[in-house]
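Asker: Below: one structure in structure tokens.
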Amino acid sequence: THCFLKASNSGARCASAMVKITTVKTKPYTDQKPGTSGLRKRVTVFQQNQHYAENFIQSVLSVVEPAQRQAASLVVGGDGRFFMKDAIQLIVQIAAANGIGHLVIGQNGIMSTPAVSCVIRKIKAVGGIILTASHNPGGPNGDFGIKYNIASGGPAPEAITNQIFEVSKVLQEYHICPELKVDLAQIGKQTFEVDTFKPFTVEIVDSVEAYAEMLRGIFDFAALKQLLSGPSHINVRLDAMHGVVGPYVKKIVCEELGSPANSAVNCVPQDDFGGHHPDPNLTYAADLVNTMKTGDYDLGAAFDGDGDRNMVLGKHGFFVNPSDSVAAIAANITCIPYFQKTGVKGLARSMPTSGALDNVAKALKMQMYETPTGWKFFGNLMDAGKLSLCGEESFGTGSDHIREKDGLWAVLAWLSILAVRKQSVEDIMKDHWQKFGRNFFTRYDYEEVDSDAANKMIKDLEKAMFDPSFIGKKFSSGDKSYEVAVADNFAYTDPVDGSVSKNQVRDKL
């Protein structure tokens, strides 16, 4: 059965016969266990294993209770990487066949992870599906991912991801409307009559507008416009790394806040991120670092593929490490109008992040939480009204305005501080260290390592660390000597739901 779309002023609408549902027999896969960041695999895994994507999408939709599906809205968007549009068409076809009433999809499939979280919360959706593998490479030989977020706008917690995994291990069939096709470029509503269900509506929305509207309520846009385009404006360089943030930077920072068009680079999302690794760090954003070293720009920033991570640089390439970034935002939090209204409920960082934030919390008498790695732990604290601002050493910073880390929000937070303090990034950080002390931090990334060999190395490390004689052991480097004070497996009992997370190895010198 073909569903012909007829254009109208309100978008497109269905003008044909019933769309048929097909049940397809399949076999389960044993490797579809999603983490906090969803199911990430090579693109070839999704393409070359029969029904691999369909199986996982069916498993994800199974967590929405059948009785709720007809009234449910689901938000869908991705970072533009290779295979995204194919996956979105599958999600549309499988959602329709499973009785979901309403999908909201970013135009051309594009929607940043923070924007998906924003839209889920705004329209009170049952959840969202994000097509991303974050900062991992894209293209036909790169990675692809499917991630499920819940009604709070945050990543699915372990109870939900376990449920998805259990379904995927025994799945024998999935439901699909194979002939249903959606025009992702056309903003507006497209409605289909689906066999046995009421009308199924797909709404294509502007990828940026809801997110931009949210930011207008958080920051002083008039002050930011003055900073970026007034008589004494600063110069910024923002590198979207051919990821999803490009359209957001162009519309919000350039068009609305008046920064020159050439202050934003690599802003067209590409399915292979221009052949680069969309990871905002000193290694992969080397072009930005080199440009900043010229001294032509006062603030530089880079963003990852799906827009939830950020790197901030000052003039002459002055690097603000992520641990210091969240601490500096905390110390200057009253520069952001949102927090003037809400107050500060608490601060949090992941365990591997440096203690710079702890110093601020102690000095300003704010509640402080140390959590395992994973944004879901922050989300729990936010939902319980215990947390306002948080960050991870992996270039993730965010607040309780949504339930994901948010790269562009972090950069606007920094610009807000510059607007109030009227100092350079470097001077703000040097003042910060003078006032709160300095924590030195370095992150090492080991990529494409053999999993078995890595696990053996961790086991050997634990064996050495947990020997009682390890405490008090001295290590030297150059003219400095360090003594082991703590060696343990970091464990965290969630103050909200009581769940226990462990097995993050930790040494304190």
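Each residue, glycine too, has its Cβ placed from N, Cα and C.
Not my notes, these are from TrEMBL:
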DOMAIN    32-168  domain 'Alpha-D-phosphohexomutase alpha/beta/alpha'
DOMAIN    210-315  domain 'Alpha-D-phosphohexomutase alpha/beta/alpha'
DOMAIN    323-436  domain 'Alpha-D-phosphohexomutase alpha/beta/alpha'
Asker: Taking all residues of the domain 'Alpha-D-phosphohexomutase alpha/beta/alpha' (210-315) together, what is their mean pLDDT?
Answerer: 97
Asker: Within the domain 'Alpha-D-phosphohexomutase alpha/beta/alpha' (210-315), how many residues are helix, strand or coil going by DSSP?
Answerer: 41 helix, 17 strand, 48 coil
Asker: Could you tell me how many residues in the domain 'Alpha-D-phosphohexomutase alpha/beta/alpha' (323-436) are helical, how many are strand and how many are coil under DSSP?
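Answerer: Counts, helix then strand then coil: 62 helix, 16 strand, 36 coil.
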Asker: With DSSP as the reference, give the number of residues of the domain 'Alpha-D-phosphohexomutase alpha/beta/alpha' (32-168) in helix, strand and coil.
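Answerer: For that range the per-state counts are 56 helix, 35 strand, 46 coil.
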